[in-house]
């Protein structure tokens with residue numbers, strides 16, 4: 001059965017593609033002699049490249065087949081890892097980050113769209129909620145497990161993490177090969193729907209965004225929440241080092257955060273059946289706002305608790321927003337519009353990261369993120385009022 005086969009393959013693909021074996025890349029580049037400025041530029045280059053290629057990658061998925069795009073994603077992952085292994089200067093690593101961004105873009109939204117279209121239309125939304133929740137849990141588990149494994153290699157043949165990534169990408173290629181194209185996309189002959197052109201897809205996607213303000217506003221809210229949560233995650237690591245946390249303490253917090261995220265994502269389908277879309281989204285966003293505002297309290301245990309709340313909410317909102325996107329987006333533009341959502345995240349990240357870094361250097365971590373909490377309060381209020389007026 002196509003549905004079951006695709007879902008199992010998607011689960012395995014999710015695990016191997018999100019296995020965080022290279023998540024300690026900052027340490028790796030430092031060992032290669034790069035300065036913090038050069039390392040920071042690599043991160044900026046990644047997000048700029050991701051921004052530029054996000055929508056084109058979604059168009060490719062809608063124009064051609066999901067399998068073709070996922071295959072290209074794993075090939076570019078291998079190319080990026082090879083560049084990290086053979087790189088002898090900052091330019092090599094910068095190119096690797098560009099290729100890595102392409103890999104991320106090609107995958108972003110494509111696997112989810114394929115899984116969604118593989119499900120029976122009558123029960124699609126409920127089944128997809130369970131599937132995307134499991135995929136989110138697997139990505140969290142894989143990311144945490146990868147970091148633990150990477151830690152073993154930090155002081156012992158660290159380059160092996162990229163060799164392992166290449167092997168995992170090859171496993172991903174096998175998963176892609178086992179995927180089956182949903183029936184609506186594999187039709188051939190005189191009864192087949194005509195293949196859409198790139199221009200047609202882009203125009204249709206633009207029309208959907210213009211005529212569906214609820215979808216457009218949802219994407220803006222998603223991008224804002226995800227970017228702020230990501231900034232909190234990375235800059236909180238600086239808080240831990242400032243307070244001289246030991247490696248076991250840092251690892252313990254990361255592991256706890258991942259476990260809570262997995263629990264939250266597993267509970268999400270159950271929660272979705274009992275709470276309406278608007279109330280659930282509002283509740284999740286308010287939890288994030290509370291965590292940000294609470295960051296203004298300079299008490300470490302409180303900051304840790306709020307960090308865990310923020311990271312759990314961040315993990316939950318990914319499958320939550322994804323479920324709503326797929327329900328609101330018409331077939332044929334799904335991958336394109338999911339890529340638009342990811343592109344908005346990249347835009348916010350490119351602007352937010354340096355601004356937050358400057359704010360922390362000027363006012364400190366607590367004041368900066370409390371200020372972001374105020375900004376997010378305004379964004380959430382505007383969104384909620386718009387949803388109410390629009391009848392949700």
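Residue numbers in this text run from 1 along the chain shown.
From the backbone N, Cα and C atoms, a Cβ is placed for every residue, glycine too.
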Subject >> Per TrEMBL record, range annotated transmembrane segment [choices 101-127, 128-154] >> reply: 128-154
**OP:** Among 190-211, 278-299, indicate the range for which TrEMBL gives the feature transmembrane segment.
**Re:** 278-299
Subject >> Cβ contacts the transmembrane segment (305-325)/the transmembrane segment (367-386), at least three under 8 Å, sequence gap 6 or more >> reply: no
Subject >> Remote residues contacting the transmembrane segment (218-236) - C-beta distance under 8 A, at least 6 residues beyond either end >> reply: 281, 285, 288, 291-292, 295, 303, 307, 310-311, 313-314, 317-318, 321, 324-325, 328, 340-341, 344-345, 347-349, 352-353, 356-357, 360, 365, 369, 372, 376, 379-380, 383
Subject >> Closest-packing stretch to the transmembrane segment (278-299), where packing means Cβ pairs under 8 Å, from 65-84, 337-361, 367-386 >> reply: 367-386
Subject >> Among 34-53, 65-84, 128-154, 337-361, 367-386, stretch most in contact with the transmembrane segment (7-28) (C-beta, under 8 angstroms) >> reply: 128-154
